[in-house]
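Engineer: I'd like to ask some things about the structure below.
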Amino acid sequence: MTGQSRSRGGAEPRGAGRQCRSRRPQPAHPEGRAGSGRGSLPGQGVRRGGFSLLLLNLEEYYFEQHGANHILHKGSHHERKIRGSLKICSKSVIFEPDAISQPIIKIPLRDCITIGKHGENGANRHFTKAKSGGISLIFSQVYFIKEHNVVAPYKIERGKMEYVFELDVPGKVEDVVETLLQLHRASCLDKLGDQTAMITAILQSRLARTSFDKNRFQNISERLHMECKAEMVTPLVTNPGHVCITDTNLYFQPLNGYPKPVVQITLQDVRRIYKRRHGLMPLGLEVFCTEDDLCSDIYLKFYEPQDRDDLYFYIATYLEHHVAEHTAESYMLQWQRGHLSNYQYLLHLNNLADRSCNDLSQYPVFPWIIHDYSSSELDLSNPGTFRDLSKPVGALNKERLERLLTRYQEMPEPKFMYGSHYSSPGYVLFYLVRIAPEYMLCLQNGRFDNADRMFNSVAETWKNCLDGATDFKELIPEFYGDDVSFLVNSLKLDLGKRQGGQMVDDVELPPWASSPEDFLQKSKDALESNYVSEHLHEWIDLIFGYKQKGSDAVGAHNVFHPLTYEGGVDLNSIQDPDEKVAMLTQILEFGQTPKQLFVTPHPRRITPKFKSLSQTSSYNASMADSPGEESFEDLTEESKTLAWNNITKLQLHEQYKIHKEAVTGITVSRNGSSVFTTSQDSTLKMFSKESKMLQRSISFSNMALSSCLLLPGDATVISSSWDNNVYFYSIAFGRRQDTLMGHDDAVSKICWHDNRLYSASWDSTVKVWSGVPAEMSGTKRHHFDLLAELEHDVSVDTISLNAASTLLVSGTKEGTVNIWDLTTATLMHQIPCHSGIVCDTAFSPDSRHVLSTGADGCLNVIDVQTGMLISSMTSDQPQRCFVWDGNSVLSGSQSGELLIWDLLGAKISERIQGHTGAVTCIWMNEQCSSIITGGEDRQIIFWKLQY
């Protein structure tokens, strides 16, 4: 619990602040799931008017209510009664009249002079049961709120006065007075820490005397799993009660029955759950029943981390059988490949980084995108239209940055560059005051901000963020959503008069926006533009990534006050309760940096421009002028898409047992008629697909052959062998044409491209050879020069080239995947990502990702640019070989099955029975329409796709 002051937030850390909860701030009281869709604080759409938890002080609790009459002019001829309900809260008494024309009355307990039964002197005398149901409060200050149901700054009346409230049930008067006296003592303690401790003790005592009402279960057959105390969190307020989870439902029952007797969520509807830091402590749990909503269905804060973890474990275990778990890396893969928009990806990152619409000190943060707020037309094709996403807001103005850096260098430790944060409760409500005025009044002690400091103009706000001495704020998701209400004063609020005399009304939009709807649409278009897609990873590095902390943050001019970072202060180490409350208040007001999600540079998005560049090999580039070739390539792409869309319909067509040991390699002639296979039985075999007959069987030595490939022109087959050699076999002349004795141990895999041979070996090397093709006569031998030797620490079991043969990936027996730049023969990345041998590796068609499979059963996706492991899925059996299109994978399993994986959905889509032993090799043609597998069962199987 924190103190009561509530400044706007944004100055250098000083007092006041406050946790938040449940969706974006909204015009009325939060009731359970508050709002939905792209961004919204809780309570939007709820009946306006009346009591709301937002009328409480920060960190105040609402305990109970009683039907009552407010007696005016008691005992005089003018006596009259106002019907309503009396709310007993931890720091105030609130009377809500039934008639909405009457103001709500709020009397702070610390301003009370005397509390007692009406007609009795002294607040502390022993009461006896009496017929009178009157409670007398004598106080020095009272607030009048929402008179005529108008949201406006609170009216304050000062001076000694007495109010009398007559309870409907006279027998409760004594208990209510005793409760008020106890709470009054707490409110009058000198130290804030002591106040907090006493109120907490009162709350815990109330919770201990009650339990969840099992009559609230949806079904009498429900089995209780656990019950504990917790608080439901909505922005700026928490509501204590009891949490209960059964085999089918999650329940929360508020202690005070507000806003309804019980909140119920069906476990079957849950899609995502997140552990949260709440008040810097690992006590929060947020539950979503939707995949893409900004706002959750319930946010709970527990009193013990173990209770939170137990409940999380139970729901997570339930979800394991129903919903695929998503990590930052799995969302990254979907985003990179265009299956998530920039908006959706930022939303998911915010969620994973502890940002929640229920917590205004950790509200989702979105970037300023547009730099141009003065032109009449918005040109999204001009890079000058956009803000530099590689810099924090504070570093966008060079002159201001120089002043800040001078101060930074002169500052004693701990140093920081910026005296305010890019996201804080005050900033969030600055943007949302028109739809969340009651939140602003709650945060600022019943007042709106100065009219000239309001969110009056988009251009003005951007200019201040560029030039202001202490203004470095970013935006919120609402700027890229569909709801324009935060830009329009539709509630006709009196937000004050500016110095120029004009009233604060709708937000002034830039000239290029014809309406609020047009402004949001163009902002969304900008966020999803090519420029932003190509640069958004730079902003992610600053906010969620490796430039958030340490020397990289210093280099990027991205250093904020140390209290804003996770782990910046250990609250448990602070013994003094006053100091602890003050520290927490300060941190929550000031805003918090998101949890760090990435510690290496974030990969960039694959945009159409980059995709076409990475796919252009020298061959394709030389053919680009030919319309015939282009249309043929288009048809090939269509064929590939069609094939992968129907890959789950793969059917076994024919199978042949042609070897005496496991099949190790498959290659097929360009016309598809001849199939060449290698085996551990040491033979290379040529099989005719038309005649279904074995045509040739060739043996080069008595050692196993490990792989094979056809050279362009289909005249020569190359085989790698465990006898350390690579053999060249002339199909036309039916004889061994050449032998390359290139390694000191078994050759495990070979690749060929553009007259270059790449050979991997158990001697811990990958060698690159230039190969001059033999003459057609078959008499002249190949001539080989060693161009490069890529050295590894252990034996290399597999290699693969990217489409342009500029990159090579290798996998070792100890589980390391290495990515090499072949243009310089240098190692780009070394990723230890398997616990055991790497079975197979391959680049995605666009060369942006590498997929690897291992004996540990893992499928790992690695970003080529950064070397980041961005996705990892596991299977119960090792996947020995695979082909993939960047999104889906067809793998051959140790079990003999073919598995189809949906990488973006993080699931196995299909299992197809095939071999009786492990699938050891797989071949797919360029159109992806023909598939052949080989296995330990010595068979080759021909598969066909059913369209």
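Heads up, the Cβ atoms here are built off N, Cα and C, so glycines get one too.
Below are the features listed in TrEMBL for this protein:
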{"type": "DOMAIN", "residues": "219-316", "note": "domain 'BEACH-type PH'"}
{"type": "DOMAIN", "residues": "320-605", "note": "domain 'BEACH'"}
{"type": "REGION", "residues": "1-44", "note": "region 'Disordered'"}
{"type": "REPEAT", "residues": "740-770", "note": "repeat 'WD'"}
{"type": "REPEAT", "residues": "789-830", "note": "repeat 'WD'"}
{"type": "REPEAT", "residues": "831-872", "note": "repeat 'WD'"}
{"type": "REPEAT", "residues": "912-947", "note": "repeat 'WD'"}
Engineer: For the repeat 'WD' (912-947), what are the DSSP-based totals of helix, strand and coil residues?
Structural biologist: 0 helix, 20 strand, 16 coil
Engineer: Cβ under 8 Å, sequence separation of at least 6 from the ends of the repeat 'WD' (912-947): give me the contacting residues as numbers and ranges.
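Structural biologist: Cβ under 8 Å, 6 or more out: 636, 639-640, 642-644, 646-647, 649-668, 672, 675, 677, 679, 687, 689, 707, 878, 880-883, 885, 890-900.
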Engineer: Per DSSP, what is the residue count of the domain 'BEACH-type PH' (219-316) in each of helix, strand and coil?
Structural biologist: 15 helix, 51 strand, 32 coil
Engineer: So if I exclude everything within five residues of the ends of the repeat 'WD' (831-872), which remaining residues of that chain have a CB under 8 angstroms from its CBs? That is, six or more out.
Structural biologist: 327, 329-330, 332-333, 336, 598, 600-604, 606, 610-611, 614-615, 797-804, 806-807, 809-819, 878-886, 889, 891, 901, 903, 906
Engineer: Check the domain 'BEACH' (320-605) for me and report the mean pLDDT.
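Structural biologist: Across the residues of the domain 'BEACH' (320-605) the model's pLDDT averages 93 on the 0 to 100 scale.
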